[in-house]
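Student: The structure is given below, and queries will be raised subsequently.
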Amino acid sequence: MASENLNDKISVFKKLKAKSDNKICFDCNAKNPTWASVTYGIFLCIDCSAVHRSLGVHISFVRSTNLDSWSSEQLKMMIYGGNNRAQVFFKQYGWSDGGKTEAKYTSRAADLYKQILAKEVAKSKAEEELDLPPSPPDSTQVPNGLSSIKTSEALKESNTLKQQEKPDVVPVSPRISRSVKKPLGAKKTGKTGGLGARKLTTKSSGTLYDQKPEESVIIQATSPVSAKSARSSFSSRFDYADNVQNREDYMSPQVVSHVAPPKSSGFFEEELEMNGGRFQKKPITSSSKLQIQETDEARKKFTNAKSISSAQYFGNDNNSADLEAKSSLKKFSGSSAISSADLFGDGDGDFPLDLTAGDLLNRLSLQAQQDISSLKNMAEETKKKLGSVASSLWV
């Protein structure tokens, strides 16, 4: 594809540069221009191409005829343009060869000329897509000699043939729309009230009324044996029905409405366990009966007791331990304070040798406090006794 464009570029520029008008620069008349403005289809020298490039590509798009690659549309712009055609067009709008370049190519005339070239190139491209020969510009505006009058006349004849053929093709669409609308109009009936009802033409036979209506099929519940046989014949997607009997027993209303009340008074005496989606009552064993008798005995035994210990309840009462505890408590019945050493039998009065001075002082101070408190208690008791004696004497 690139080689074809290159060959087209070389052949096109060879033909265009063979003309005398294209051998000089469009702006400064310098010889052998190697640059061109694609926007206006004119040939320029390297100095004028720099001026056009400074204007911006939106005003003038400049490319080299030797170094740059050209597309087919760009080559058509050069074919439909040319220095001679552009010079004639600009002179019609009062622009001569001299003058400011920027003002010239930003004028209204330059904009119109650019639009004319773009339209001609687009038209030729559309004709090529339709496999028609491209239509060159008018003979009055084409001084380049690339097209002839015969081709334009042939093109006009082809256009007239197209216009003659068009009226025959246009009425096809309304005919189709009319044929489509006919069924819609046929549905409208004024006599039937707009509901579209139609009278029956065929009478129904009288035997239809004598026929007995079909009885509804009653689906009977299958037994477990028949369910198993049917399940064996079904495919694997019916394997979920393994517990059919259990599900029927669970869904039956007898399980909910006829629950027998518990015979014993205990709440946790009857154990329930889940088996296949239903609760089953566990039979009462001999051990549970023994527990019931024991609880009755305990109730009779401790009816009037205010407190019950675990040792008394389970029969593990140790009388010797109770006696020792009671005897140890009797020793401290009159004392106001009891130390752990005195309670557990370690209060022999001898201090261990490994005590520090601080611990020794603490113990001595604690013993002194206990002695002082005991003396205070004795003094209070004697005071009370003396007061009672004195009151009895005065009376």
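Backbone N, Cα and C define each Cβ position, glycine as well.
Not measured: the values here are computed from a predicted model.
Take a look at what Swiss-Prot says about it:
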type	residues	note
COMPBIAS	140-162	compositional bias 'Polar residues'
COMPBIAS	178-190	compositional bias 'Basic residues'
DOMAIN	10-128	domain 'Arf-GAP'
MOD_RES	ALA2	N-acetylalanine
ZN_FING	25-48	zinc finger
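Have a look at these and tell me how they're positioned relative to everything else.
Tutor: If you look at the zinc finger (25-48), the same-chain residues 6 or more away from its ends with a CB under 8 A from one of its CBs are 16-17, 59-66, 74, 77-83, 85-87, 97, 101, 105, 110, 113-114, 117.
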Student: Quick one: mean pLDDT on the zinc finger (25-48)?
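Tutor: Overall, the zinc finger (25-48) comes to a mean pLDDT of 90.
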Student: Across the zinc finger (25-48), what are the DSSP residue counts per state (helix, strand, coil)?
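Tutor: Secondary-structure composition of the zinc finger (25-48): 3 helix, 7 strand, 14 coil.
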Student: Counting each residue once, how many in the domain 'Arf-GAP' (10-128) are helix, strand and coil under DSSP?
Tutor: 66 helix, 11 strand, 42 coil
